[in-house]
Amino acid sequence: MSSSRSAKDFFRPLAVGAPTPLTEIPARPSRAIHFFDPSNEKMAGKIPGMVGTVDVLLGNLEDAVKADNKVAAREGLVKIGQSTEGLGGGGTTQLWTRVNALDSPWFLDDVMTLVPAIGDKLDVIMVPKVQGAEDIQYVDRLLAQLEAKAGLERPILVHAILETARGVANVEEICGASPRMQGISLGPADLAADRRMKTTRVGGGHPGYLVRQDPNPDQPDASRPTYQQDLWHYTIARMVDACAMHGIYPYYGPFGDIADVTACEDQFRNAFLLGCVGTWSLHPKQIAIANKVFSPSVEDITHARRVVAAMGDGTGAVMLDGKMEDDASLKQCLVLVRLAEELAAIDPELKKQYDAIDAPEEA
Ligand SMILES: CC(=O)SCCNC(=O)CCNC(=O)[C@H](O)C(C)(C)COP(=O)(O)OP(=O)(O)OC[C@H]1O[C@@H](n2cnc3c(N)ncnc32)[C@H](O)[C@@H]1OP(=O)(O)O
Ligand SMILES: CC(=O)C(=O)O
Ligand SMILES: [Mg+2]
């Protein structure tokens, strides 16, 4: 919680008539946040057919939308939100948007247009280039005023993109700045530029960022293997801790090399293993990769359920397949089992796979 509001005020509406803030962020599956440009007629035309095939559809208004198309994108999103069955507001697929940056000429009109027109459909507003708690607090109050005016009954949640050095330095206060905070995504492209990293990519690794094995004194001229390192490990790990500390959700972000589906899957899996709940999809073919990676495998769930069964009342230590299990490994297994339950509730194919796992014997 931010130090600028007292504990008793934190969950009070910031405008008379605004909906009461949530005390807990709902754990809705959001393995892929699929980006589309609502001003691109061809892309926008595909959106109704994508409802039910992806956890989140996000109408992007910021970077990747041409300046000349900003108004068309905003209006296109309103049309999609108002006319698409099953999208947003408790429908099968969540509706999110990424609005323009707070210092841009478009942010104010984005929220002033979207909240009255489709505020009842919008689940989450993603705010780019967040620098500190003050940015979230500004959005928090403005949304409360607009929600009150529009008579909304459910607060719109806020998601921040971590894409400036100052944002990373302030990540804990950003996560705790408002009860609206739903989660954070890594923004590797803007973050690289802001940090003056010497890369030219949108996410992913770099072959130059490596460690090299020591020379072999007996073969000084032998070639020495190198191992590519993960440029994003530090930031993702920091983001995951900050989100967990505040009960909100961390996400990887964009993987710009659309053709390299293998490296995309690797980057997504690293984020999944470190604690992220989902990622972005920029192209339809990245949705299947995200859904696969961010759903626990049948093998993981088989093992996790065996540990849960072997641990009985959850106390003490047991041996399973030569390995010690106790309260701490049980808790890890329960994270996977609960995630599988949440996903099975919305994904019939996954449910079938998880249901087919033999029930483990009780200890
Ligand atoms: C750093 C950041 O801020 S990342 C976030 C901002 N960036 C984005 O949002 C980018 C979103 N994605 C895109 O703009 C596009 O996918 C691009 C530019 C990357 C590639 O587009 P294309 O060259 O058209 O890709 P491609 O030819 O493979 O598309 C195949 C089909 O999928 C459609 N398609 C492509 N991307 C999407 C999408 N994101 N959503 C829905 N449909 C899409 C195309 O319209 C095309 O349809 P068609 O078969 O009927 O012709
Ligand atoms: C995600 C994003 O906006 C970025 O990488 O800059
Ligand atoms: Mg960016």
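Every residue gets a Cβ built from N, Cα and C, even glycine.
These numbers come from a predicted model, not from an experiment.
What TrEMBL records for 33-201 is domain 'HpcH/HpaI aldolase/citrate lyase'.
Annotation comment: TrEMBL describes R98, E163 as substrate binding site. Look at E163 (substrate binding site): DSSP puts it in coil.
Per TrEMBL, Mg(2+) binding site is recorded for E163, D190. With a 10 A radius on its CB, E163 (substrate binding site) counts 26 other CB atoms from all the protein chains.
Residues or ranges marked as region 'Disordered' in TrEMBL: 201-225.
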Least buried by Cβ count (within 10 Å) of the binding-site residues R98, D190: D190
Helix-strand-coil residue split for the region 'Disordered' (201-225), DSSP-based: 0 helix, 5 strand, 20 coil
Spatial separation of E163 (substrate binding site) from D190 (Mg(2+) binding site) - C-alpha basis, Å: 5
Per-residue pLDDT averaged over the domain 'HpcH/HpaI aldolase/citrate lyase' (33-201), given as an integer: 98
